[in-house]
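According to Swiss-Prot:
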- 166-173, 191-195, 213-216, 283-286, 314-316: GTP binding site (BINDING)
- 173, 193: Mg(2+) binding site (BINDING)
- 1-159: domain 'Obg' (DOMAIN)
- 160-333: domain 'OBG-type G' (DOMAIN)
């Protein structure tokens, strides 16, 4: 199945049903009181995480999703039926972003989590709502409001513990092949990896972690060069980043400048991602004598001013890879998982939140003209008489 991690859709929540103007009629009661019911609320649109899905490919073919409209109110104080909701099933780790405002509308990182992305319209109010001591025969009602319409960009963020980044041909895919059962494509030309891939690394029985390999970055990726930085979003939920550095690039480029390029592109993309724990991994140490490799690595570390963890490996010959995986397992076991706090100020505002308050204050009210009722006398309304057999 083709891996699709981004799709654009248009969602439309259901319109609210209209309120109605109606009066109670019965034998011997020529002119009863108001009994117009409210309309039904429009259906909402949700996204729900489903662990059985792993791609957004379905949303490439069907781009429009809408919930049901609420029914109109009826006489006899009958309220209209609420419109059915529309639930869009998406892979775990999907977020919905408003295309026009770039606002993150929803994010589902757990199986079964369900979040509203489009609010249905409010129901209109029937004329019963406007009855008062000075208005015994109200002809006012309110119309149901339109459901919310949004254009969303669905983005799938892979849920991995370790994220790998580096220039093309640095050896990221080779490393994943050597430490897991994943088999990403490996070749001696740039951009062999075109889509992200995941590998599960088992350190000890019943303990494992997931490594994400993303396509390589080049200078200017933040401006769209190469494959751009669209795949860097997959690193946002990673707990540790491995920066793979080729100490002997096949094109003769400077490893120090290559490392600085990756760091610069990462910082341009997101300060939050750049602040994550990051380890340097020097690959292809078997291509030169050990002493020469150590000198080269020390030169790079000093040039970068690096004070964190760094490792020497040969991914193709599996030199140092086992030790690196054990260190990663120990580090993540002691590293608390990030818990994203939902702040009140970041709550998404939907339309029509104050609609009913405005309606009861006299705004958005529709008055129906009906001359047949203009001469209705309050004194003729004796109430609803119920006859009971003895």
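Keep in mind that glycine also has a Cβ here, set from the backbone N, Cα and C atoms.
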Long-range Cβ environment of residue 284 (GTP binding site), under 8 Å and at least 6 residues apart: 171, 246, 247, 248, 314, 315, 316
Those residues of the chain, 6+ apart, with a Cβ under 8 Å from that of residue 166 (GTP binding site): 172, 216, 217, 243, 244, 245, 246, 262
Neighbour-count leader, CB within 10 A, binding-site residues: 169, 173, 314: 173
Alpha-carbon spacing, residue 215 (GTP binding site) to residue 173 (Mg(2+) binding site), which is rounded to whole Å: 9
Residue 195 (GTP binding site) and residue 173 (Mg(2+) binding site), distance between Cα atoms, whole Å: 11
DSSP-derived class (H/G/I helix, E/B strand, else coil) of residue 195 (GTP binding site): coil
Overall pLDDT for the domain 'OBG-type G' (160-333), taken as the rounded mean: 82
Per DSSP, three-state class assigned to residue 166 (GTP binding site): coil
Three-state secondary structure, residue 314 (GTP binding site) (per DSSP): strand
Cβ neighbour count (within 10 Å, all chains shown) around residue 172 (GTP binding site): 30
